[in-house]
Amino acid sequence: MSKRAYNFNAGPAALPLEVLERAQAEFVDYQHTGMSIMEMSHRGAVYEAVHNEAQARLLALLGNPTGYKVLFIQGGASTQFAMIPMNFLKEGQTANYVMTGSWASKALKEAKLIGDTHVAASSEASNYMTLPKLQEIQLQDNAAYLHLTSNETIEGAQFKAFPDTGSVPLIGDMSSDILSRPFDLNQFGLVYAGAQKNLGPSGVTVVIVREDLVAESPKHLPTMLRYDTYVKNNSLYNTPPSFGIYMVNEVLKWIEERGGLEGVQQANRKKASLIYDAIDQSGGFYRGCVDVDSRSDMNITFRLASEELEKEFVKASEQEGFVGLKGHRSVGGLRASIYNAVPYESCEALVQFMEHFKRSRG
């Protein structure tokens with residue numbers, strides 16, 4: 001095998017090498033069935049066992065909270081932006097959103113197409129470089145739910161705690177930091193995540209929802225846009241992305257092997273601290289974008305003195321085997337995405353490269 005790249009892509013992102021190797025070993029002949037998991041009927045016992053195991057394993061990692069269902073949906077988190085207000089925003093209610101950056105903005109944009117919305121808090125005034133404090137969040141009396149993006153991948157800002165919304169369901173877009181740390185699922189009515197950052201390959205969207213919220217979806221909605229379709233049919237109403245779900249299950253096993261969410265969080269903090277220290281101790285050569293208290297452990301954003309120098313950095317990094325360090329096109333700059341599967345060794349190599357680049361250009 002050729003040398004693995006130092007993969008800092010924002011998504012699709014690095015997958016654990018051990019998971020890729022296990023999948024490779026089982027790719028043609030899954031558990032001596034003479035078939036790949038991709039060739040099996042989704043109604044068959046072998047695939048259904050994988051499907052059910054992935055659901056159970058995910059809830060177990062979250063402490064087995066009662067009254068929640070795991071759904072596997074297609075269409076990415078972007079489809080959830082619309083499904084959420086379609087299912088939960090009733091006549092006379094308002095959808096409340098915390099505005100923290102690019103992804104929160106997209107979620108709000110979709111909700112506005114469905115019904116009335118309210119910005120409960122916003123960090124737009126800081127150019128999304130600091131997150132609103134929890135006590136600044138103001139819900140309307142007729143709030144249907146509060147939607148919050150736990151981690152903004154583009155800006156690089158992450159909530160470290162979540163608001164108590166009382167009887168108003170809290171809905172979390174956790175696409176880029178789900179299972180990167182422990183959190184109390186009981187605070188949420190629903191969380192969702194596209195798989196392609198911390199859970200597996202693209203093509204699967206995981207939704208974890210409180211069962212009482214989805215007992216019955218609005219009757220006027222199309223079948224595949226109703227949450228109760230997935231609940232009542234165990235996400236098997238139509239053909240699911242079976243290989244993606246198999247991969248999610250393998251990634252969940254890998255997380256278990258690393259000490260669960262506590263073990264993964266410890267590893268992630270160590271990686272993030274290493275890179276942030278390199279930025280903060282560079283004498284201003286590298287400048288972190290986000291206020292320290294709002295910094296993400298998943299997406300580290302930083303700048304150099306000029307766009308020209310940043311282009312040089314990206315070009316030089318690619319020559320050394322680094323991938324994905326260019327910032328998002330909407331904000332520019334530089335970004336290192338260090339999701340669960342990115343090894344500490346890759347972060348060490350990045351810090352060494354940053355130091356070398358600083359010496360040669362500083």
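Backbone N, Cα and C define each Cβ position, glycine as well.
Under the heading L-glutamate binding site, Swiss-Prot lists ARG43. Annotated pyridoxal 5'-phosphate binding site per Swiss-Prot: ALA77, SER78, TRP103, THR153, ASP173, GLN196, ASN238, THR239, in sequence order. Under the heading N6-(pyridoxal phosphate)lysine, Swiss-Prot lists LYS197.
Feature map: annotations from Swiss-Prot on the structure.
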| residue | record | Cβ contacts under 8 Å, 6 or more apart |
| --- | --- | --- |
| ARG43 | L-glutamate binding site | LEU236 |
| ALA77 | pyridoxal 5'-phosphate binding site | TRP103, ASP173, SER175, TYR192, ALA193, GLY194, THR205 |
| SER78 | pyridoxal 5'-phosphate binding site | LYS106, GLU110 |
| THR153 | pyridoxal 5'-phosphate binding site | ALA10, GLY11, SER102, TRP103, SER175, SER176, LYS197, SER296, MET298, ASN299, HIS328, SER337 |
| GLN196 | pyridoxal 5'-phosphate binding site | GLY11, PRO12, ALA13, SER202, GLY203 |
| ASN238 | pyridoxal 5'-phosphate binding site | MET224 |
| THR239 | pyridoxal 5'-phosphate binding site | HIS42 |
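Under the three-state DSSP scheme, THR153 (pyridoxal 5'-phosphate binding site) falls in the coil class. For the recorded site, THR239 (pyridoxal 5'-phosphate binding site), the DSSP three-state label reads coil. Each of the recorded positions TRP103, ASP173, LYS197 was ranked by the number of other C-beta atoms within 10 Å, and first place falls to LYS197. Under the DSSP three-state reduction, ASP173 (pyridoxal 5'-phosphate binding site) is assigned to strand.
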